[in-house]
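Read through the structure below, which is laid out as structure tokens, and then see the notes.
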Amino acid sequence: MPTFNDSVFMPSAFILIGIPGLESVQCWIGIPFSAMYLIGVIGNSLILVIIKHENSLHIPMYIFLAMLAGTDIALNTCILPKMLGIFWFHLPEISFDACLLQMWLIHSFQAIESGILLAMALDRYVAICIPLRHATFFSQQFLTHIGLGVTLRAAILIIPSLGLIKCCLKHYRTTVVSHSYCEHMAIVKLAIEDIRVNKIYGLFVAFAILGFDIIFITLSYVQIFITVFQLPQKEARFKAFNTCIAHICVFLQFYLLAFFSFFTHRFGSHIPPYVHILLSNLYLLVPPFLNPIVYGVKTKQIRDHVLKVFFFKKVT
């Protein structure tokens with residue numbers, strides 16, 4: 001039976017301590033984090049502007065890239081301002097409702113990003129394996145439905161986890177959260193009540209979104225590789241494979257960091273807390289920082305238009 005002595009009943013606010021064990025150097029850690037944020041926002045904004053104003057890029061591959069860029073900007077902006085407030089200005093307090101809102105936004109944007117990566121894999125699958133049906137399959141209406149679908153899936157599946165916290169967890173051992181943002185399990189573990197339902201639902205959401213997406217992305221690329229290696233000409237194989245390299249890089253860094261962060265938070269009790277929190281922060285900050293760099297370097301159309309923006313000349 002849980003004991004409620006000395007517990008906090010329905011706290012009005014939480015205290016985010018940042019990175020436990022590294023409080024004395026958090027002000028320095030904030031410098032590379034803020035640099036990554038600025039580079040990510042500038043890079044993703046540049047991609048959005050280029051895709052918006054270049055009619056030749058108004059095709060599914062780049063529309064999905066624009067969705068990814070917008071999601072990355074939103075995800076970073078949900079996290080970093082408060083994180084830097086903790087690191088630089090010693091402002092660790094966050095209200096209970098604001099904490100739940102941040103939690104919902106962070107996990108929703110993570111799920112949306114995963115859904116967009118799945119849509120991008122589907123686009124490459126149709127373009128390479130059944131190219132004659134690509135234009136018919138990826139109509140403007142279908143693109144709109146994909147955007148709405150991944151957004152609603154994320155928002156709807158994340159909301160019950162907030163409801164479970166709000167309605168079922170009333171007593172907390174402490175209001176001090178050993179994290180730099182409001183992460184679901186970091187808050188749930190503070191509760192005195194039985195949290196098995198919260199854990200089970202968290203696992204369900206993770207596998208329903210990330211698990212589903214990674215399975216179908218993997219299957220899409222297995223079929224893509226089979227089709228590519230069956231092409232008779234070496235040049236055609238290279239060209240087809242080259243269109244997928246950027247997405248494969250983004251796919252690997254997103255899901256490897258996601259699953260490592262997810263499982264260490266639940267099962268990695270032997271890992272030092274500061275290592276886990278640092279990796280959790282990097283999981284949220286690195287993809288938005290790297291995505292515009294990867295697509296800028298590996299995608300010729302984006303690279304050429306970026307050079308044109310900065311050097312005011314046609315790149316051939």
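These residue numbers are counts, starting from 1, taken along the chain as shown.
Note: Cβ is positioned from N, Cα and C throughout, glycine not excepted.
Those TrEMBL annotations? Automatic predictions, nothing curated.
Per TrEMBL, the feature domain 'G-protein coupled receptors family 1 profile' maps to 43-295. TrEMBL lists 34-51, 63-89, 101-122, 142-165, 200-228, 240-262, 274-295 with the feature transmembrane segment.
Sequence-distant residue pairs (6 or more apart) of the transmembrane segment (101-122) and the transmembrane segment (34-51) include fewer than 3 whose Cβ atoms are under 8 Å, leaving the two stretches without contact. Same-chain residues lying 6+ beyond the ends of the transmembrane segment (34-51) with a Cβ under 8 Å from its Cβ atoms: 57-58, 62-63, 65-66, 69-70, 72-73, 76-77, 80, 84, 285-286, 288-289, 291-293, 295-296, 302, 305-306, 309. Ranking 63-89, 142-165, 240-262, 274-295 by CB pairs under 8 A with the transmembrane segment (200-228) puts 240-262 at the top. Panel annotation: around the transmembrane segment (63-89), residues 16-18, 26-27, 29-30, 33-34, 37, 40-41, 44-45, 47-48, 51-52, 102, 105-106, 109-110, 112-113, 116-117, 119-120, 123, 143, 147, 180-181, 250, 281, 284-285, 287-288, 291-292, 295, 299, 302 of the same chain, lying at least six beyond its termini, place a Cβ under 8 Å from a Cβ of the stretch. In this model, the domain 'G-protein coupled receptors family 1 profile' (43-295) carries an average pLDDT of 90.
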